[in-house]
Structures are given as structure tokens and as C-alpha cells.
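Engineer: One structure coming up, written as C-alpha cells, with questions to follow.
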């Protein structure tokens, strides 16, 4: 009788506080398979559970998404902020799969019993401990959402991103044009408003447990991108909301963005989300797509409808974060997910079973991070050592236990080298995927270009290193290096000038405007002219920051600007027609607003723009001096090493006859006391031979012609002399003969 009462109480709690429409299936006692290796057993675990009488073997691997400094913030009745560190929750999160269903995902917390999700091909289960049980009993229930019947995103925020689709690429584009996905980390700061706090249990640890569970599932989804979603901290508005949460999602977003700028400035995060409970919301969220690293727009609102459970809510957050990192919603006629629901599908929040990102999402993300480097995602992780997750064969990413991964059947370009079903190499081939793998399944030789330079002064070509089928990480000049004859600075691999920025927006011929235009445009208290926002109000630039606020351009033709810019502002100042665009009317794909001067643009002697302020240039991040470290024969790159000029050998740019230059980071370097690389040495000897041949040959031809002409002239002169002397010689001979004859006659 007591057991039945406890079971009914537990089901009532699930129904009331999780929003689940789950169907109770079974009570199970999970059985842990012990390992003799204590270190391995801490990283990997195996549990056996039963669902409806059928045993399932869960292979789990430790999942790290809570940083060491993770805190939970709450407010007391007096409005004072307090923080706690739930340290016990930080080391008990795992993800994996069920051996009986290889195409499955399992995300569990084992802090106090097993709690989490089991996603099979077309069904999802939730598992939670039966807290009143003394026999480690758990309940397993089938997850089932009602259709929330709400729109995905507020229109006036989704359209901002759609005006600039330059980041989109055709689905049949070559993978070799996309850089390899390196491990990246996205820090999300979560705030739970009062209504959702009450809906989830109205108790700090219970709500914290549910939010951590949701982010754990979101992190599992993003492992496809090698992107770890970390919950930097959690804030609970347990007594009262700090801002009004009335109105639609887009209205709340504006208020939240203003509040965030004032109160979260010292708390580390890449993006902050406010989670709001709304029984029947018009939209499930609002955010600024493609703005993950833009401090002016790094926020979002996620609505929790009454009709969904924690799994469905995790999909909503994953979709919103997907928009932040450059994804778009899937076109079901072109995008597919093998035996799974596509996360960026509009129906995903109510679907059951395993969910993955589609081929379209993979292309969107790979292109976004390769062309518009999301620098904030490339920081060092503050996590405990993150153990490798289960590899996903066919996602185009070479992961642990994979010999190759050329994508799915449609994408794979190395079918004779790599088995796209098993991600194993065929036969004795050397490689089966990557830009440094040849069509003959061999590694490209050292020095083969694999990523071309996109800026002649600030970005460098990368080469295959001869040991990997992947291209080395991108190398470029350290931020602050002078370019364009000392009139501009390199920043994130580009020579940043207002002329280049204006030409990209308004077309060929457009240039950066004179100072008078910048001064006028950035000194007014209007929504279209400002140096950022504070409390949702436009912020005029200080005089020192005038050249770092709104971008001002001049152009030769009035209507020369590109058609995708719909909001253009004209000003007539000191005989100049100054042109700018309204804030938010055109977003760069790296998350910054085209309306503003790009970071790294020169704003004075040894000064450049950073986040709309003019700052002193510092070659930050590394102790690299071109004069001492590179001996004046190279420049510093983004890894703090010397990028040597041709004829000088890295790492310290010593003179080396025949060296192509470069750095130890660009892939074309091979340690040797004598030569840079055999290929580079031989190649440059060949180049010198060819160059010498083409230099000497013309001189040889000219010399031969001169000698030939000189001989011709000499012969001609001799013939002329002979012709002049010969008649006189004949007369002299005749005279001598006549004398002789006369002498004889006498």
C-alpha cells in the first residue's frame, strides 16, 4: 500500500511539474556493471535497465558541460543576490547509447539515481528515481508531447538574418572548401523567471536539476558540431521577476537585453537566455540569429508552453541556439536526417525519438565558422577534462575510433577509400577523407596548399603537413599588425579599412567618409545614429570614439548601393553626401552589425576600434616581437609564432637559401637542421634554376647576336678594303712589268 502511494505521488509530481503527458510503463531497478579499472569506471559506465520486460544495456561516457566555477544565483526577499555552488552535481553527467539500438542517444545524470532521457528511433523515455524507494527503484515513462501549436520565432527578429544570406552555400558544395571543425565551446547563462520557477517545483535544487538536465540534452545534440554547450551559471528569480515578462517574446527580449547589459557584465557568458513559462504563447522564442559573438545582441527568450515536457523544451532551446550559430530552419525537400528527426525541423519540438542536425545544418554551421570565425567559441574551456563522446559516423567529422568520415552516401567523395557506413578505410589505403587526401587515397605531400589566403597581407595560405588528411588550423597575422602601407591594421585575418567595408555594403567605388561625416552621424540622439545602446536607448559616441561608431560612407553614384540594404540614411555635410544604414537593417554573418565600423579599423595613431570604442593597439595574447623573435624578417601570427619572409626559415627566421618562409603552424614546416623541407628545398632549387635559365638565356641570345653581327661587319669591312686596294695593286704590278720589259729591251 505504501509503495502504491509513493508511486502515485511520484507520477503526480511528474505530471504537475514537468509538464509531461508521459505514460507510465514500468518500475525498474538499474543494475550497474562493475569494472576492475577504477579510472575507466569513472569515465565509462554500463547500466542494464528493463523497459516493459525487455533488458537494455546502456553504454555511458562522462559528459562535461558544467564549468568548475558554476554557480546558482538566487534573490532573497530583500532583493539581495546570493550564490551557491552545487559541486556535487558537476561530475555525474553521462551520455551514450543503448547497445540494442546503436542509433540511439542516452543522456543521464547519476547524482542521486538515474535521471534523464533515452531516445530511440521513434520513441523517447524518461527515467527518474523513485525517491521513497529503498531498493534503488526507478520509474520509466514514455515521453509524449501535445502539439503546442505555436510559431517558432518572432517575425521581426527572424527577418533580420534573412536579409543577408551570403553565408548560405549550395548543398552540393565541395567539403574541401569548408575548414575542419575544431572543438569549440559555447557558454550559456540561463535565467528562470518566477512563473517557470513555480511550474518546475518552486524549490531551488529541483529547478536546478531540471535545467541542468535540459542543457545536458542540448549539449548532446550539439556534439555533432564538436560544440560543447556549457551552462556557465544559473539564475533563479524565485521571489519576483527583475523585469516585466508580459507581452510577446520580442517585447520581453528588448527589456531583457537592456537589463542584461547592466547586470550581467561581470558574469562570463557568450549568450544569455531568459526562460519564461507561458501556457499558450504566441511564439516559443525570440533571438537575434547569427549573433553569437556580438555583445550587443547576445541574448534570447525561450518560452515554455504548457503542452510540452523537458525533452520538447530542450529542442526549443537547441533551435534558438542553432539560429545564433548560423543555422536556418530546414527545407524538408532538401534536408534529411537518417532514421531520426531533424532538430531544425518545425515539428521537432513535438516529435519523439532520436534527434540530430540535418545535412543542411551541418553545411550552415561548417560554413559559418569557417568563413565568419566565431572567435568567442574558440576560447579555452573551463571544464574538467572532457572525454570523447560517442562518434557519429557519416557527419563528416573525424572522431575517435573512426579511420575516416567522408559524410553520408550522397556527400562522400572518397567512396573507393572510405566505407561511409562504418567509417573504416578500405584495404591498405592511407586516408579516406579530408582536404589533404588525394583521389588515390594517399596523403598529400608536404607543402600542398589546402586553404588559400583570403587577404594578401593579413591571412596566410595553409598547407598539408604530410601526416594528416586534414588541413592545419587557420593562420593569420596577429591582430594589430600594420597593413596597407601602414594605414590600416590586420584584425582576424583581414586588413580592416572603412573603404573595404563601404565597398562591401554599397558596391564598387564606395569609400569611407571624411571625419565630418563620422562626427555628425555619431553625435545625434536618434535610433539610426548611435554608438550602441544602453537601457534600450541609443548611446552617442564620445569624441574619441566617433570613428568607431556608425559607419559613414561616400559613393560616386546615388543609387549604387546593393539591393539587400533596405534602410539607408543620407546626410549632406560640408559638400559631402554621407551615407549610412540603419541599425539592424543588415547583419554580418559573424554576428556583427554592418551599420557599425568593424573591429580592428584604425581610429588614430596606434589606435583601433574594438566594440565601438577607440583603443590603443596591443599585440595581445602572445609575447611576440617581430624585431627580436623574428629578427625583422617576419611577422607574428595568431599563434604567437613568426611567419617568416621567403628566404628565411622558421621558427626564428634565420637566413636559409631556398626557404619559402612561412611558420611552424602553416603545415609546410618540417624540422631539419639543413633544409626547410626536401620538397620545398628541391622545389626552390628548381625555381632558381628555371629563373636563372630565363634570366641568362636572353643575355646569351643577345651576346650571340652581337658576336655574329660583329663578324659580319668585320667581313664586310675586309671586303670593302680589298676592293679599294686591288686596283692600285694591279696598276703597280703593271708599272713594274713595264719597267722590266723596258730594261730588257735596252
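We count from 1, first residue shown onward.
Placed from the backbone N, Cα and C atoms, the Cβ positions cover glycine too.
Straight from Swiss-Prot, here's the annotation block:
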SIGNAL    1-16  signal peptide
CARBOHYD  36  N-linked glycosylation site
CARBOHYD  122  N-linked glycosylation site
CARBOHYD  149  N-linked glycosylation site
CARBOHYD  156  N-linked glycosylation site
CARBOHYD  177  N-linked glycosylation site
DOMAIN    184-381  domain 'Peptidase M12B'
DISULFID  293-376  disulfide bond
CARBOHYD  294  N-linked glycosylation site
DISULFID  335-360  disulfide bond
DISULFID  337-342  disulfide bond
CARBOHYD  359  N-linked glycosylation site
DISULFID  450-471  disulfide bond
CARBOHYD  465  N-linked glycosylation site
CARBOHYD  611  N-linked glycosylation site
DOMAIN    620-654  domain 'EGF-like'
DISULFID  624-636  disulfide bond
CARBOHYD  625  N-linked glycosylation site
DISULFID  630-642  disulfide bond
DISULFID  644-653  disulfide bond
TRANSMEM  688-708  transmembrane segment
TOPO_DOM  709-746  topological domain 'Cytoplasmic'
Engineer: Between residue 342 (disulfide bond) and residue 359 (N-linked glycosylation site), what C-alpha distance do you get in Å?
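Structural biologist: Given the Cα positions, residue 342 (disulfide bond) is 9 Å from residue 359 (N-linked glycosylation site).
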Engineer: Calculate the distance in Å between the alpha carbons (Cα) of residue 294 (N-linked glycosylation site) and residue 653 (disulfide bond), and round it to a whole number.
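Structural biologist: Residue 653 (disulfide bond) has its Cα 37 Å from the Cα of residue 294 (N-linked glycosylation site).
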Engineer: Considering only the recorded positions 293, 335, 359, 360, which residue has the minimal Cα-Cα separation from residue 624 (disulfide bond)?
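Structural biologist: For residue 624 (disulfide bond), the spatially nearest of the recorded positions is 293.
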Engineer: Can you break down the domain 'EGF-like' (620-654) into helix, strand and coil residue counts using DSSP?
Structural biologist: 0 helix, 10 strand, 25 coil
Engineer: Within 10 Å of the Cβ of residue 642 (disulfide bond), how many other Cβ atoms can you find? Include all protein chains, please.
Structural biologist: 28
Engineer: Determine the most Cβ-crowded residue among the glycosylation sites 122, 294, 611, 625, using a 10 Å radius around each Cβ and all protein chains in the structure.
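Structural biologist: Highest number of other Cβ atoms within 10 Å: 294.
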Engineer: Provide, as an integer number of angstrom, the distance between the C-alpha atoms of residue 630 (disulfide bond) and residue 376 (disulfide bond).
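Structural biologist: Here the two Cα atoms lie 29 Å apart.
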Engineer: Spatially speaking, which of the recorded positions 359, 450, 611, 653 is closest to residue 335 (disulfide bond)? Use C-alpha to C-alpha, please.
Structural biologist: 359
